[in-house]
Amino acid sequence: MSTNLNPFMNNTPSSSPLKGSESKRVSKRPISSSSSASLLSSPSRRSRPSTVYGDRYIPSRTDIDFNSIVSISSMASVPALNPSSTEDQVEYQKERQAHETYNTLLKNELFGEMLSKDTVGSESSIDRIKNTRPSTRGNVHAENTTRHGYELERVSTPPPEAAGLEEFSPHSTPVTPRRLFTSQQDEITRPSSNSVRGASLLTYQQRKGRRLSAASLLQSQFFDSMSPVRPDSKQLLLSPGKQFRQIAKVPYRVLDAPSLADDFYYSLIDWSSTDVLAVALGKSIFLTDNNTGDVVHLCDTENEYTSLSWIGAGSHLAVGQANGLVEIYDVMKRKCIRTLSGHIDRVACLSWNNHVLTSGSRDHRILHRDVRMPDPFFETIESHTQEVCGLKWNVADNKLASGGNDNVVHVYEGTSKSPILTFDEHKAAVKAMAWSPHKRGVLATGGGTADRRLKIWNVNTSIKMSDIDSGSQICNMVWSKNTNELVTSHGYSKYNLTLWDCNSMDPIAILKGHSFRVLHLTLSNDGTTVVSGAGDETLRYWKLFDKPKAKVQPNSLIFDAFNQIR
């Protein structure tokens, strides 16, 4: 008895024994070719009558719903700025103005016709839309009262009978709606004859004129009186918007600075009043004359330079070293004229007040030196418990601010030993400090990585005026001479510069380009350019401010005549 190993080949059982006898009685009838074809042919679906559909039915509004205006005005807006995460305030304001213009234009095109019917006095529909305030979401659809004289009705699609239209029958002929506005381009490509159905669709006139320029198309489609844009919308688009300040986000000059130290406590660049930039690169100091572009090698040392600072007149340069010595160079002679001792560790900060040079060191001490005296220093201050990493003189008010690695800021009156004020709110080292050239007694301080906060103090009233989270380590700062704005340089983890509006404390611009901490910062004598230096061994020149406008001098003849009056 043979068995089949393939279960799928003979899986169907044989005839049932109960039906076996009946199957023998079934007689075979002859099958015609037509019937066999019908049996073997594939089943087909029953044909259905074809339906011809017309063009889309465009709904229209029966009544203007003022709630729709409110709903549009309550759409999601640009999120509020956070100074720690925003890119810059100017770009935000530009984007906000574009959003507001678009929203106003959209609402005026949708609802302007109805609004213009109920204008009071000289108020236009644009003014009414701008003065519309969004309602709360839960009350927009619940109110049934009238607002501004309009009945609050929902926007609805009218039935065909109300719109004066007939319903489309399944056998109606499709009709393309006629355009409401024609353009010059339509006249050029219009068919040559009023042909009836069945005529050639490709029978067109030849183009009579040359191809229209983009300006001509814009003139014909938008500025033309036949334009579908409402006149007040045109006026809105053509009206000049708010002019924003243009700030260059790219440095206009980049210089290689090999061996520029990447040390948070160093201060290695400074700009003189004679427009000469001094840079300490490793064990050498170079001078760059920005008027001529000449670069001069000033000096070398066996130690490492850690700080430098120009005297107010720009004739002498003070240089601090890692061994604690301070040298003073005559720039014209390119010669060291004096070496001052007193510190036993590196000198990380220097600041001048006329003929008084103040130095701060890692030995926790501040020394006042009168360069006219033979003694290397005449006063010692030991207010800080750790390294002194920031010093700034306010020459106009004769006040000194010092910041230390102990997170403390001290303010001194002149060369006194004891501070008159102490600020201890920072949570990291305070190196970055700047006095306001516009308001007396206003001091800005910035904290390190663990703090990241920019604080502005009024030392005359002992009041903290501002406290902003900058988002990253503040390494240095300069206050603009020409505007009430502040530039801060940052380290971990943004490596950028931030321009702040000191009135609102909003970031105006973020300047990117450095790939390491921006530790060194200085301002040009005319107050227009900021130079930044970083551990990526580059110096970048940023044009941020305009020159101050010259003051109009009174008529000399009238002034002289006035002075002659006794």
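From the backbone N, Cα and C atoms, a Cβ is placed for every residue, glycine too.
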Annotated residue, phosphoserine, per Swiss-Prot; candidates Ser68, Ser213, Ser220: Ser213
Stretch carrying motif 'C-box' according to Swiss-Prot (options 55-61, 125-131, 174-180): 55-61
Of 258-298, 425-467, 469-510, 513-552, whichever stretch has the most CB pairs under 8 A to the repeat 'WD 3' (342-379): 258-298
Top partner of the repeat 'WD 4' (383-422) among 258-298, 469-510, 513-552 - counted as Cβ pairs under 8 Å: 258-298
The repeat 'WD 3' (342-379): DSSP-derived helix, strand, coil residue counts: 0 helix, 19 strand, 19 coil
Recorded stretch, among 258-298, 300-339, 425-467, maximising Cβ pairs under 8 Å relative to the repeat 'WD 7' (513-552): 258-298
Long-range Cβ neighbours of the repeat 'WD 6' (469-510) (under 8 Å; 6 or more residues past either end): 81, 83-90, 245, 247, 249, 264, 267, 428, 431-438, 444, 446-449, 451-454, 456, 516-523, 527-528, 530, 532, 534, 542, 544-548
Spatial neighbours of the repeat 'WD 2' (300-339) far in sequence, C-beta under 8 Å, 6+ residues away: 261, 263, 265-274, 276, 278, 280, 282-285, 287, 345-352, 354, 357, 359, 361, 363, 369, 371, 395
Average pLDDT across the repeat 'WD 3' (342-379), rounded to a whole number: 97
